[in-house]
Structure formats: C-alpha cells, structure tokens
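Chemist: Here you go, one structure.
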Amino acid sequence: MNVIFAGTPASSAKILKKMHSDGINIKLVISQPDKRSKRGSKEESSDVSKEANELGLDLIKPIDLNSKELKKLILSLNIDFLVVSAYGKIIPEWLLNHPTKLALNVHFSLLPKYRGASPIQSVLVNGDNETGISFMEMNQFMDEGDIIKMLSIKIDENENKATLENKLSDLAANNITEVLYNIIENKFRLSPQENGQASYCSKIHKTDGEINFEDSSEVILRKFNAYKGWPGTYFLHHNIIIKVHEMHIDNNMNDGVPGTILEINKDGITIKTSNSAIVITYIQFPNKKIISSADAFNSYLEFFTN
C-alpha cells in the first residue's frame, strides 16, 4: 500500500507514526512550512515534519500546492491513497484525484457537525457530551465528502482541548490502517452526509480567548477548557492582559455587576459573571512567570482592588 500523507500538528504526527509502524509505505509526507512561534525566534518545524524526519521519510513543506515542480513530483508517484489530517491548507483537485483508490480525510468530529478548522474547541465550547472521528472521502468542498467510517467517544466533565485531542488522535491512529485495508478489500460503504444537519467552525484567533464576564460561569469555564494551551484565556484589568491558567466556579456569589472583582485573597481572585462567579487561582502578567493567587494577593493587591 502506497500513501502520501499530509498533516501538521501533533495529533496528525501520531497518525503518521502509527501508519508507518503498521508497515504502510509512506511515499511522501507533506506539511506546512516552518514558522516562527514568537517574534524574533528561530523558525520551527511542524510536529508532522519532525516525525517524518525521525522516521526517515521523504518530506516536503510547500508554500504553493499548485507549483509546477510539486505537481511533477507528486504525479510521478504511484499511490493508492492520499491521507490528510489537519494539514491546514486547501488540497487542490488535481491532488485529490491522483490516488488510485481515494483521498481520505481524518476529521476530528462527528460529521456533518463541526465542519472546519476547530472541531475540538467547538465541541467543548458548546458543551457537547459526545464527539468522535470521521474518516471521509475528500472532495473539493470543505469536509463535505461521503463518510467511510465514524467512531464516537464520550466527553468527560473536566475535558480540555489537550486531553480530548489526545483521545481522538489515539482513536484515529488505532483505526486508520484498518480503514485503509477495508477500502482496498472493498469492505466499506460510502454514506453521504446530511447537509441539512451541518454546522461549521472557524479558525481560532487569539482574541477568542478574552473572557466575557456577561457570559455564564459555565460558558466561561467551557471556553477556558477549550482554549487551554492556545490561544489561552485572559481578561483585561486596567488595560493590562492577564492570562488565566487555573479557575473554577463559585456558585455562592450571586450579587454584583458582571466583571466586578468581588474578592481577592490567597485562595483566588473572585470575579462576578452573569449568573455566579469564577475563582481564578493562577494568573500570568505580560512577560512574567505564572503566579498563584496567593502570590497575586501578596504582590498585586492594590492593583486588583483599585
């Protein structure tokens, strides 16, 4: 079985590694170009690029998927499948049509729910209790292809983006080889998506992490879990961005205007929401280390009480 694999983040790297260990012949790996994580820092390779190099696989990181050189290279390869997982760019139609079997997308939601770039964050923000993996045949439209197989899991009460992504990537990695062989052996059925049931999710931006204290405490906590890691969650106080690293809900605080700091002590910074309050226990000021609420109480009491 000959495959071209396209992906970028750590979740995709896990799928690539499992395919390789299962003996699938990865003819080529495509990933995003190296990027700077911070201004002035060195360019850093994607997790898929790092995994491909570690496995000794041929790797390209094209800026333009329609370049003549790239097209010539890929069309010279005899492949059964193109496997795509969170690559991050639109795959051109000529590449989708190149495999002798099909182009397969591994999408981290139960399609047609959450078509788009942020299915894991969206399912957490919306408070769903179930999600999963969709293996689908790709077409020229975003996440609209026929379903080959879907697998579902329950979402735990305290799930965050990192833990859920880890579970879903394990689920995908442990099933990808079986899905590919079932296609080769014609042991599958394509099921069209119900487009009328579709929902969409867009790319996450840094500003999505700003807390709106007019929201309920439950919504704020869900967003905190969904955006843990990147973009992170923050609030503004005296026009200073304060990142939130740990928080919980206090249902005993019902009075006050949303956004008001009700209390600050060594146990936390309590801020009013639309229906109760959240208690923030670890924070970070710009270009500073993460500190506990006890440290904040000792060093920044005047800042938070004025």
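Numbers run from 1 along the shown chain.
Glycine is no exception: its Cβ is also placed from the backbone N, Cα and C atoms.
Reproduced below are the annotations present in TrEMBL:
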- 2-180: domain 'Formyl transferase N-terminal' (DOMAIN)
- Ser109, Leu110, Leu111, Pro112: (6S)-5,6,7,8-tetrahydrofolate binding site (BINDING)
- 203-300: domain 'Formyl transferase C-terminal' (DOMAIN)
Chemist: Show, in sequence order, which residues other than Ser109, Leu110, Leu111, Pro112 on the same chain lie with their Cβ within 8 Å of the centre of the Cβ atoms of the (6S)-5,6,7,8-tetrahydrofolate site.
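Modeler: Result: His107, Lys113, Tyr114, Arg115, Pro119, Gly132, Ser134, Asp143, Met150, Gln193.
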Chemist: If one looks at the chain holding Ser109 ((6S)-5,6,7,8-tetrahydrofolate binding site), which residues at least 6 apart in sequence have a CB under 8 angstroms from its CB?
Modeler: Arg115, Pro119, Ile120, Ser122, Val123, Thr131, Gly132, Ser134
Chemist: Within 10 Å of its Cβ, which one of these binding-site residues (Leu110, Leu111) has the largest number of other Cβ atoms?
Modeler: Leu111
Chemist: Could you tell me the mean pLDDT over the domain 'Formyl transferase C-terminal' (203-300), as a whole number?
Modeler: 96
Chemist: Helix, strand, coil: count each for the residues of the domain 'Formyl transferase C-terminal' (203-300), based on DSSP.
Modeler: 21 helix, 38 strand, 39 coil
